[in-house]
Amino acid sequence: MSFSFSPPSPPLFNLTQPFSFPPNLLPDEASPEWMNKADNAWQLVAATLVGMQSVPGLIILYGGAVKKKWAVNSAFMALYAFAMVLICWVCWGYRLSFGDKLVPVWGKAYIALEQKYLLEQAYLGMFPNATMVFFQFVFAAITLILIAGAVLGRMNFYAWMLFVPLWLTFSYTFGAFTIWSPEGWLSKMGIIDYAGGYVIHVSSGVAGYTAAYWVGPRLTADRESFRPNNMILMLAGAGLLWMGWTGFNGGAPYVASMDASLAVLNTHVCAATSLLTWLILDIIFFKKPSIFGAVQGMITGLVCITPGAGLVQGYAAIVMGIFSGSIPWFTMMVLQKKIKLLQKVDDTMAMLHTHAIAGILGGILTGLFSEPHLCKLFYGSTSKYMGFFYGLHLGTSQSIRLGFRQMRIQLLGILFVVVLNIVMTSLVCLFVRLIVPLRMSYEDMEVGDEAVHGEEAYAIWEKGEMVGKYSSYYNDIETPSKSGMISVE
(Lines of atoms letter the chains of each structure in order from A and count residues from 1; the text may use other names and numbers.)
(Lines give C-alpha, C1' and ligand atoms only; values in the text may rest on other atoms or scores of the structure.)
Protein backbone atom coordinates (compact mmCIF):
# COMPACT_ATOMS: atom_id res chain seq x y z
CA MET A 1 0.00 0.00 0.00
CA SER A 2 1.45 3.37 -0.93
CA PHE A 3 0.65 6.88 0.05
CA SER A 4 1.16 10.02 -1.93
CA PHE A 5 1.36 13.50 -0.51
CA SER A 6 0.84 16.73 -2.37
CA PRO A 7 1.81 19.96 -0.62
CA PRO A 8 -1.00 22.49 -0.35
CA SER A 9 -1.16 25.06 -3.08
CA PRO A 10 -0.04 28.56 -2.11
CA PRO A 11 -2.85 31.04 -1.64
CA LEU A 12 -3.74 33.02 -4.69
CA PHE A 13 -3.11 36.75 -4.57
CA ASN A 14 -6.13 38.93 -5.04
CA LEU A 15 -4.94 41.09 -7.88
CA THR A 16 -8.00 43.31 -7.56
CA GLN A 17 -6.80 44.60 -4.18
CA PRO A 18 -3.74 46.88 -3.91
CA PHE A 19 -0.69 45.37 -2.18
CA SER A 20 -0.03 46.61 1.34
CA PHE A 21 2.65 45.96 3.97
CA PRO A 22 1.76 44.39 7.31
CA PRO A 23 1.14 47.14 9.89
CA ASN A 24 4.49 46.50 11.66
CA LEU A 25 6.39 47.15 8.41
CA LEU A 26 4.59 50.27 7.32
CA PRO A 27 6.80 53.40 7.20
CA ASP A 28 5.98 56.04 9.75
CA GLU A 29 7.65 59.00 11.40
CA ALA A 30 9.73 56.76 13.65
CA SER A 31 10.64 54.36 10.81
CA PRO A 32 10.93 56.37 7.59
CA GLU A 33 10.95 54.77 4.16
CA TRP A 34 14.74 54.98 3.80
CA MET A 35 15.35 52.97 6.99
CA ASN A 36 15.67 49.20 6.92
CA LYS A 37 14.61 47.83 10.29
CA ALA A 38 16.62 44.62 9.92
CA ASP A 39 19.82 46.47 8.99
CA ASN A 40 19.35 48.93 11.83
CA ALA A 41 18.78 46.11 14.32
CA TRP A 42 21.84 44.18 13.12
CA GLN A 43 24.03 47.29 13.22
CA LEU A 44 23.04 48.01 16.83
CA VAL A 45 23.68 44.38 17.80
CA ALA A 46 27.05 44.40 16.01
CA ALA A 47 28.02 47.62 17.77
CA THR A 48 27.07 46.13 21.13
CA LEU A 49 29.18 43.03 20.42
CA VAL A 50 32.18 45.24 19.64
CA GLY A 51 31.54 47.30 22.76
CA MET A 52 31.50 44.10 24.84
CA GLN A 53 34.96 43.28 23.49
CA SER A 54 36.15 46.27 25.51
CA VAL A 55 33.64 46.36 28.36
CA PRO A 56 33.95 43.81 29.85
CA GLY A 57 36.18 41.83 27.43
CA LEU A 58 39.53 43.64 27.56
CA ILE A 59 38.84 44.77 31.13
CA ILE A 60 38.72 41.10 32.15
CA LEU A 61 41.59 40.06 29.88
CA TYR A 62 43.92 42.79 31.14
CA GLY A 63 42.85 42.32 34.76
CA GLY A 64 43.64 38.61 34.60
CA ALA A 65 46.75 38.77 32.43
CA VAL A 66 48.84 41.10 34.62
CA LYS A 67 50.42 40.62 38.04
CA LYS A 68 47.99 40.82 40.93
CA LYS A 69 49.26 44.19 42.04
CA TRP A 70 48.30 45.70 38.65
CA ALA A 71 44.88 44.07 38.12
CA VAL A 72 42.79 47.09 39.15
CA ASN A 73 44.93 49.68 37.36
CA SER A 74 44.99 47.72 34.10
CA ALA A 75 41.24 47.12 34.12
CA PHE A 76 40.49 50.72 35.06
CA MET A 77 42.63 52.11 32.23
CA ALA A 78 40.29 50.29 29.84
CA LEU A 79 37.09 51.42 31.58
CA TYR A 80 38.21 55.07 31.70
CA ALA A 81 39.17 55.08 28.02
CA PHE A 82 35.78 53.68 27.00
CA ALA A 83 33.95 56.51 28.78
CA MET A 84 36.28 59.31 27.70
CA VAL A 85 36.29 58.29 24.05
CA LEU A 86 32.48 58.33 23.93
CA ILE A 87 32.24 61.92 25.15
CA CYS A 88 35.00 63.09 22.79
CA TRP A 89 33.43 61.12 19.95
CA VAL A 90 30.00 62.74 20.09
CA CYS A 91 31.42 66.21 20.75
CA TRP A 92 33.96 66.31 17.90
CA GLY A 93 35.59 62.95 17.06
CA TYR A 94 32.91 61.45 14.83
CA ARG A 95 32.59 64.46 12.54
CA LEU A 96 36.39 64.76 12.32
CA SER A 97 36.45 61.14 11.15
CA PHE A 98 33.33 60.92 8.96
CA GLY A 99 32.05 64.45 8.46
CA ASP A 100 32.57 67.04 5.75
CA LYS A 101 36.10 67.18 4.35
CA LEU A 102 38.44 69.84 5.69
CA VAL A 103 41.59 68.41 4.06
CA PRO A 104 42.11 65.04 2.31
CA VAL A 105 43.06 63.41 5.62
CA TRP A 106 40.71 65.12 8.09
CA GLY A 107 37.12 66.22 8.45
CA LYS A 108 35.58 69.34 9.97
CA ALA A 109 34.97 69.39 13.72
CA TYR A 110 31.26 69.51 14.58
CA ILE A 111 29.25 67.92 17.33
CA ALA A 112 27.10 64.82 16.74
CA LEU A 113 24.45 65.48 19.38
CA GLU A 114 21.66 67.38 17.66
CA GLN A 115 18.38 65.53 17.22
CA LYS A 116 18.03 66.64 13.60
CA TYR A 117 21.44 65.30 12.63
CA LEU A 118 21.21 62.03 14.56
CA LEU A 119 17.85 61.11 13.01
CA GLU A 120 18.98 61.71 9.44
CA GLN A 121 20.15 58.84 7.23
CA ALA A 122 23.81 57.92 7.76
CA TYR A 123 26.38 58.53 5.00
CA LEU A 124 26.26 54.77 4.28
CA GLY A 125 23.64 52.20 5.22
CA MET A 126 19.88 52.32 5.64
CA PHE A 127 19.82 53.46 9.26
CA PRO A 128 20.11 56.78 11.12
CA ASN A 129 23.24 58.69 12.04
CA ALA A 130 22.66 57.80 15.70
CA THR A 131 23.32 54.14 14.91
CA MET A 132 26.42 54.96 12.86
CA VAL A 133 27.84 57.25 15.55
CA PHE A 134 27.49 54.51 18.15
CA PHE A 135 28.88 51.82 15.83
CA GLN A 136 31.96 53.87 14.96
CA PHE A 137 32.44 54.88 18.60
CA VAL A 138 33.04 51.32 19.81
CA PHE A 139 35.79 50.94 17.20
CA ALA A 140 37.47 54.13 18.33
CA ALA A 141 37.21 53.07 21.97
CA ILE A 142 38.75 49.64 21.48
CA THR A 143 41.68 51.21 19.62
CA LEU A 144 42.61 53.30 22.68
CA ILE A 145 42.10 50.33 24.99
CA LEU A 146 44.41 48.21 22.83
CA ILE A 147 47.09 50.92 23.09
CA ALA A 148 46.82 50.63 26.87
CA GLY A 149 47.99 47.02 26.57
CA ALA A 150 51.47 48.20 25.66
CA VAL A 151 51.94 50.43 28.72
CA LEU A 152 50.35 48.39 31.51
CA GLY A 153 52.19 48.24 34.80
CA ARG A 154 53.83 51.65 34.84
CA MET A 155 52.03 54.47 32.99
CA ASN A 156 50.90 57.30 35.23
CA PHE A 157 47.09 57.17 35.30
CA TYR A 158 46.84 60.96 35.13
CA ALA A 159 49.00 60.91 32.00
CA TRP A 160 46.66 58.26 30.56
CA MET A 161 43.69 60.51 31.28
CA LEU A 162 45.26 63.19 29.08
CA PHE A 163 46.63 60.83 26.46
CA VAL A 164 43.25 59.31 25.54
CA PRO A 165 41.42 62.43 24.27
CA LEU A 166 44.55 63.86 22.65
CA TRP A 167 45.46 60.70 20.73
CA LEU A 168 41.87 60.15 19.65
CA THR A 169 41.70 63.70 18.29
CA PHE A 170 45.07 63.96 16.58
CA SER A 171 45.79 60.41 15.45
CA TYR A 172 42.73 58.16 15.24
CA THR A 173 40.53 60.67 13.43
CA PHE A 174 43.20 61.19 10.75
CA GLY A 175 43.43 57.48 10.02
CA ALA A 176 39.68 56.92 10.09
CA PHE A 177 38.92 59.80 7.71
CA THR A 178 41.74 58.98 5.30
CA ILE A 179 40.91 55.27 4.97
CA TRP A 180 37.20 54.93 5.77
CA SER A 181 35.48 58.19 4.89
CA PRO A 182 34.27 58.33 1.27
CA GLU A 183 36.09 61.67 1.02
CA GLY A 184 39.38 60.34 2.41
CA TRP A 185 42.57 60.35 0.36
CA LEU A 186 43.34 56.62 0.54
CA SER A 187 39.66 55.71 0.42
CA LYS A 188 39.33 57.43 -2.95
CA MET A 189 42.45 55.66 -4.20
CA GLY A 190 40.83 52.29 -3.45
CA ILE A 191 42.55 50.95 -0.33
CA ILE A 192 40.97 47.79 1.07
CA ASP A 193 40.40 47.84 4.82
CA TYR A 194 37.21 45.90 5.39
CA ALA A 195 36.81 46.41 9.15
CA GLY A 196 39.84 48.12 10.62
CA GLY A 197 43.05 46.19 10.01
CA TYR A 198 44.73 49.51 9.26
CA VAL A 199 42.63 52.04 11.17
CA ILE A 200 42.48 50.03 14.39
CA HIS A 201 45.09 47.29 14.59
CA VAL A 202 48.13 48.67 12.80
CA SER A 203 47.37 52.01 14.46
CA SER A 204 47.05 50.59 17.99
CA GLY A 205 50.09 48.34 17.58
CA VAL A 206 52.38 51.11 16.33
CA ALA A 207 50.97 53.74 18.71
CA GLY A 208 51.19 51.37 21.67
CA TYR A 209 54.80 50.51 20.93
CA THR A 210 55.67 54.18 20.45
CA ALA A 211 53.95 55.13 23.70
CA ALA A 212 55.79 52.32 25.50
CA TYR A 213 59.08 53.81 24.30
CA TRP A 214 58.25 57.25 25.70
CA VAL A 215 56.72 56.00 28.95
CA GLY A 216 59.70 53.77 29.71
CA PRO A 217 59.89 50.22 31.07
CA ARG A 218 58.37 48.53 34.09
CA LEU A 219 60.48 47.67 37.09
CA THR A 220 63.17 45.13 36.27
CA ALA A 221 61.53 42.59 38.55
CA ASP A 222 58.21 43.03 36.74
CA ARG A 223 59.77 42.62 33.32
CA GLU A 224 61.55 39.46 34.35
CA SER A 225 58.51 37.92 36.05
CA PHE A 226 55.06 39.11 35.03
CA ARG A 227 52.88 36.05 35.36
CA PRO A 228 49.09 36.34 34.94
CA ASN A 229 47.29 36.57 38.28
CA ASN A 230 44.20 34.74 37.03
CA MET A 231 44.54 32.62 33.89
CA ILE A 232 40.89 31.57 33.82
CA LEU A 233 39.77 35.20 34.03
CA MET A 234 42.15 36.03 31.21
CA LEU A 235 40.61 33.24 29.09
CA ALA A 236 37.12 34.59 29.80
CA GLY A 237 38.20 38.00 28.50
CA ALA A 238 39.79 36.38 25.46
CA GLY A 239 36.56 34.50 24.79
CA LEU A 240 34.55 37.72 24.85
CA LEU A 241 37.10 39.26 22.50
CA TRP A 242 36.81 36.32 20.07
CA MET A 243 33.01 36.13 20.03
CA GLY A 244 32.69 39.91 19.90
CA TRP A 245 34.59 39.85 16.61
CA THR A 246 31.34 38.61 15.05
CA GLY A 247 30.13 42.20 15.31
CA PHE A 248 33.56 43.67 14.58
CA ASN A 249 33.76 42.21 11.08
CA GLY A 250 30.14 41.24 10.56
CA GLY A 251 28.98 44.83 10.98
CA ALA A 252 31.41 46.26 8.41
CA PRO A 253 29.07 46.02 5.37
CA TYR A 254 26.44 48.17 7.19
CA VAL A 255 23.80 45.69 6.02
CA ALA A 256 22.56 42.25 7.11
CA SER A 257 23.81 40.66 3.90
CA MET A 258 25.52 37.55 2.53
CA ASP A 259 28.77 39.44 2.69
CA ALA A 260 28.30 39.94 6.43
CA SER A 261 27.71 36.21 6.85
CA LEU A 262 30.87 35.37 4.91
CA ALA A 263 32.88 37.86 6.94
CA VAL A 264 31.73 36.27 10.21
CA LEU A 265 32.60 32.74 9.08
CA ASN A 266 36.00 33.75 7.67
CA THR A 267 36.78 35.60 10.89
CA HIS A 268 36.32 32.55 13.09
CA VAL A 269 37.99 30.16 10.64
CA CYS A 270 41.11 32.33 10.49
CA ALA A 271 41.20 32.80 14.28
CA ALA A 272 40.91 29.05 14.93
CA THR A 273 43.59 28.24 12.34
CA SER A 274 45.94 30.84 13.80
CA LEU A 275 45.40 29.58 17.37
CA LEU A 276 46.16 26.00 16.34
CA THR A 277 49.23 27.06 14.35
CA TRP A 278 50.65 28.98 17.31
CA LEU A 279 49.87 26.09 19.63
CA ILE A 280 51.64 23.56 17.38
CA LEU A 281 54.73 25.77 17.15
CA ASP A 282 54.82 26.12 20.96
CA ILE A 283 54.61 22.34 21.36
CA ILE A 284 57.31 21.67 18.74
CA PHE A 285 59.84 24.19 20.02
CA PHE A 286 59.02 24.57 23.73
CA LYS A 287 57.41 21.17 24.48
CA LYS A 288 54.49 22.87 26.28
CA PRO A 289 50.99 23.78 25.03
CA SER A 290 50.91 27.35 26.33
CA ILE A 291 47.50 28.84 27.14
CA PHE A 292 48.91 32.35 26.93
CA GLY A 293 50.40 31.48 23.55
CA ALA A 294 47.06 30.13 22.32
CA VAL A 295 45.40 33.43 23.24
CA GLN A 296 48.08 35.33 21.36
CA GLY A 297 47.52 33.12 18.32
CA MET A 298 43.78 33.70 18.51
CA ILE A 299 44.31 37.46 18.60
CA THR A 300 46.76 37.52 15.67
CA GLY A 301 44.28 35.51 13.59
CA LEU A 302 41.44 37.89 14.36
CA VAL A 303 43.62 40.88 13.56
CA CYS A 304 44.99 39.41 10.32
CA ILE A 305 41.60 38.57 8.80
CA THR A 306 40.02 41.92 9.69
CA PRO A 307 41.13 43.96 6.62
CA GLY A 308 39.74 41.34 4.23
CA ALA A 309 37.14 39.36 6.20
CA GLY A 310 34.31 39.62 3.67
CA LEU A 311 36.53 39.95 0.60
CA VAL A 312 38.44 36.65 0.59
CA GLN A 313 37.32 33.09 0.05
CA GLY A 314 37.31 30.48 2.80
CA TYR A 315 40.53 28.79 1.75
CA ALA A 316 42.27 32.17 1.88
CA ALA A 317 41.07 32.56 5.49
CA ILE A 318 42.85 29.27 6.28
CA VAL A 319 46.05 30.45 4.59
CA MET A 320 45.88 33.79 6.40
CA GLY A 321 45.42 31.93 9.70
CA ILE A 322 48.55 29.85 9.07
CA PHE A 323 50.58 32.99 8.37
CA SER A 324 49.12 34.92 11.32
CA GLY A 325 49.87 32.05 13.68
CA SER A 326 53.46 31.64 12.51
CA ILE A 327 54.99 34.98 11.49
CA PRO A 328 54.01 36.93 14.66
CA TRP A 329 55.05 33.81 16.64
CA PHE A 330 58.48 34.03 15.02
CA THR A 331 58.86 37.76 15.62
CA MET A 332 57.75 37.42 19.25
CA MET A 333 59.40 34.17 20.30
CA VAL A 334 62.60 34.36 18.22
CA LEU A 335 63.41 37.84 16.93
CA GLN A 336 62.30 39.58 20.13
CA LYS A 337 64.91 37.62 22.06
CA LYS A 338 67.71 38.20 19.55
CA ILE A 339 67.33 41.84 18.50
CA LYS A 340 68.47 44.22 21.24
CA LEU A 341 66.51 47.13 19.77
CA LEU A 342 63.25 45.25 20.30
CA GLN A 343 64.23 44.42 23.87
CA LYS A 344 64.74 48.07 24.79
CA VAL A 345 61.03 48.89 24.48
CA ASP A 346 58.85 47.32 27.19
CA ASP A 347 55.69 46.30 25.33
CA THR A 348 53.65 44.67 28.11
CA MET A 349 51.04 42.80 26.04
CA ALA A 350 53.22 42.43 22.90
CA MET A 351 51.14 44.89 20.88
CA LEU A 352 53.86 45.22 18.26
CA HIS A 353 53.57 41.54 17.38
CA THR A 354 49.88 40.82 17.94
CA HIS A 355 48.48 43.97 16.33
CA ALA A 356 51.07 45.92 14.32
CA ILE A 357 52.75 42.96 12.63
CA ALA A 358 49.55 40.91 12.38
CA GLY A 359 47.67 43.93 11.00
CA ILE A 360 50.38 44.67 8.42
CA LEU A 361 50.37 41.01 7.44
CA GLY A 362 46.59 41.12 7.05
CA GLY A 363 46.74 44.21 4.85
CA ILE A 364 49.28 42.60 2.54
CA LEU A 365 47.46 39.24 2.34
CA THR A 366 44.17 41.04 1.69
CA GLY A 367 45.81 42.75 -1.27
CA LEU A 368 46.86 39.33 -2.55
CA PHE A 369 43.65 37.33 -1.97
CA SER A 370 40.78 39.81 -2.43
CA GLU A 371 38.22 38.32 -4.81
CA PRO A 372 36.73 40.72 -7.39
CA HIS A 373 33.12 39.55 -7.01
CA LEU A 374 33.25 39.86 -3.23
CA CYS A 375 34.78 43.33 -3.61
CA LYS A 376 31.85 44.24 -5.84
CA LEU A 377 29.38 43.05 -3.18
CA PHE A 378 31.08 45.22 -0.56
CA TYR A 379 32.23 48.28 -2.51
CA GLY A 380 29.69 48.16 -5.34
CA SER A 381 32.45 48.37 -7.95
CA THR A 382 35.22 46.22 -9.43
CA SER A 383 36.85 49.07 -11.32
CA LYS A 384 39.59 49.56 -8.71
CA TYR A 385 39.48 46.58 -6.34
CA MET A 386 41.39 43.52 -7.51
CA GLY A 387 43.50 41.08 -5.48
CA PHE A 388 46.95 40.56 -6.95
CA PHE A 389 46.57 36.78 -7.35
CA TYR A 390 43.22 37.18 -9.09
CA GLY A 391 44.71 39.75 -11.40
CA LEU A 392 47.40 37.26 -12.39
CA HIS A 393 44.85 34.45 -12.70
CA LEU A 394 42.64 36.41 -15.08
CA GLY A 395 45.74 37.17 -17.10
CA THR A 396 44.60 40.27 -18.94
CA SER A 397 46.74 43.36 -19.08
CA GLN A 398 44.06 45.31 -17.21
CA SER A 399 43.62 42.71 -14.45
CA ILE A 400 47.37 42.43 -13.88
CA ARG A 401 47.63 46.21 -13.75
CA LEU A 402 44.79 46.38 -11.21
CA GLY A 403 46.42 43.66 -9.10
CA PHE A 404 49.73 45.51 -8.98
CA ARG A 405 47.90 48.76 -8.27
CA GLN A 406 46.05 47.20 -5.34
CA MET A 407 49.28 46.00 -3.74
CA ARG A 408 50.87 49.44 -4.12
CA ILE A 409 47.88 51.04 -2.40
CA GLN A 410 47.92 48.46 0.42
CA LEU A 411 51.62 49.10 1.05
CA LEU A 412 51.12 52.87 0.84
CA GLY A 413 48.36 52.58 3.44
CA ILE A 414 50.68 50.67 5.78
CA LEU A 415 53.37 53.34 5.40
CA PHE A 416 50.86 56.13 6.04
CA VAL A 417 49.44 54.53 9.20
CA VAL A 418 52.89 53.69 10.61
CA VAL A 419 54.32 57.18 10.05
CA LEU A 420 51.14 58.90 11.26
CA ASN A 421 51.10 56.99 14.53
CA ILE A 422 54.80 57.26 15.27
CA VAL A 423 54.71 61.04 14.76
CA MET A 424 51.38 61.82 16.42
CA THR A 425 51.86 59.45 19.36
CA SER A 426 55.30 60.92 20.02
CA LEU A 427 53.95 64.47 19.92
CA VAL A 428 51.08 63.58 22.26
CA CYS A 429 53.42 61.87 24.74
CA LEU A 430 55.86 64.79 24.69
CA PHE A 431 53.02 67.25 25.28
CA VAL A 432 51.55 65.22 28.14
CA ARG A 433 55.01 64.98 29.68
CA LEU A 434 55.06 68.77 30.00
CA ILE A 435 52.02 68.56 32.30
CA VAL A 436 52.42 65.32 34.28
CA PRO A 437 55.04 62.54 34.33
CA LEU A 438 54.31 59.76 31.83
CA ARG A 439 55.63 57.12 34.20
CA MET A 440 54.67 56.36 37.78
CA SER A 441 57.14 56.91 40.57
CA TYR A 442 59.37 54.03 41.59
CA GLU A 443 57.54 53.75 44.91
CA ASP A 444 54.12 53.50 43.24
CA MET A 445 55.37 50.87 40.81
CA GLU A 446 56.66 48.78 43.70
CA VAL A 447 53.27 48.80 45.44
CA GLY A 448 50.85 48.84 42.51
CA ASP A 449 47.07 49.24 42.75
CA GLU A 450 46.94 50.13 46.42
CA ALA A 451 49.30 53.07 45.90
CA VAL A 452 47.65 54.31 42.70
CA HIS A 453 43.95 53.76 43.42
CA GLY A 454 43.77 52.82 47.11
CA GLU A 455 42.06 49.59 46.03
CA GLU A 456 43.02 45.99 45.33
CA ALA A 457 41.66 43.33 43.01
CA TYR A 458 41.43 40.63 45.67
CA ALA A 459 41.02 42.49 48.96
CA ILE A 460 39.75 41.07 52.27
CA TRP A 461 37.75 43.55 54.35
CA GLU A 462 36.97 43.29 58.06
CA LYS A 463 34.88 45.78 60.02
CA GLY A 464 35.19 48.35 57.25
CA GLU A 465 38.96 48.17 57.02
CA MET A 466 41.16 46.20 54.67
CA VAL A 467 43.21 43.46 56.28
CA GLY A 468 46.89 43.81 55.42
CA LYS A 469 47.56 47.21 53.85
CA TYR A 470 49.78 47.04 50.73
CA SER A 471 49.26 43.27 50.74
CA SER A 472 49.32 43.18 46.93
CA TYR A 473 52.95 44.32 47.05
CA TYR A 474 54.05 41.66 49.49
CA ASN A 475 52.05 38.94 47.75
CA ASP A 476 54.09 39.54 44.60
CA ILE A 477 57.43 39.09 46.38
CA GLU A 478 59.01 35.66 46.49
CA THR A 479 60.41 34.80 49.92
CA PRO A 480 62.23 31.72 51.21
CA SER A 481 60.12 29.31 53.22
CA LYS A 482 61.29 27.52 56.34
CA SER A 483 62.12 24.44 54.30
CA GLY A 484 64.43 26.47 52.11
CA MET A 485 62.15 26.34 49.06
CA ILE A 486 60.93 29.50 47.32
CA SER A 487 57.30 30.29 48.10
CA VAL A 488 54.92 33.15 47.41
CA GLU A 489 53.42 34.82 50.44
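The backbone N, Cα and C atoms fix where each Cβ goes, glycine too.
According to TrEMBL, the features are:
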{"type": "TRANSMEM", "residues": "41-63", "note": "transmembrane segment"}
{"type": "DOMAIN", "residues": "41-458", "note": "domain 'Ammonium transporter AmtB-like'"}
{"type": "TRANSMEM", "residues": "75-95", "note": "transmembrane segment"}
{"type": "TRANSMEM", "residues": "133-152", "note": "transmembrane segment"}
{"type": "TRANSMEM", "residues": "159-180", "note": "transmembrane segment"}
{"type": "TRANSMEM", "residues": "195-216", "note": "transmembrane segment"}
{"type": "TRANSMEM", "residues": "228-248", "note": "transmembrane segment"}
{"type": "TRANSMEM", "residues": "260-284", "note": "transmembrane segment"}
{"type": "TRANSMEM", "residues": "291-309", "note": "transmembrane segment"}
{"type": "TRANSMEM", "residues": "315-335", "note": "transmembrane segment"}
{"type": "TRANSMEM", "residues": "356-379", "note": "transmembrane segment"}
{"type": "TRANSMEM", "residues": "385-404", "note": "transmembrane segment"}
{"type": "TRANSMEM", "residues": "411-436", "note": "transmembrane segment"}
Taken over the domain 'Ammonium transporter AmtB-like' (41-458), the model's mean pLDDT: 96
Maximum Cβ pairs under 8 Å to the transmembrane segment (133-152) - stretch from the list 41-63, 315-335, 356-379, 385-404, 411-436: 41-63
Paired segments the transmembrane segment (228-248) and the transmembrane segment (159-180) in contact, 3+ CB pairs under 8 A: no
Proximity of the transmembrane segment (195-216) to the transmembrane segment (385-404), 3+ C-beta pairs under 8 angstroms: no
The transmembrane segment (315-335) in contact with the transmembrane segment (411-436), cutoff 8 A, at least 3 CB pairs, sep 6+: no
The transmembrane segment (291-309) touching the transmembrane segment (260-284) per 3+ Cβ pairs under 8 Å rule: yes
Segment-segment contact (the transmembrane segment (385-404); the transmembrane segment (411-436)) at 3 or more Cβ pairs under 8 Å: no
Winner by Cβ pairs under 8 Å against the transmembrane segment (159-180), considering only 41-63, 356-379, 411-436: 411-436
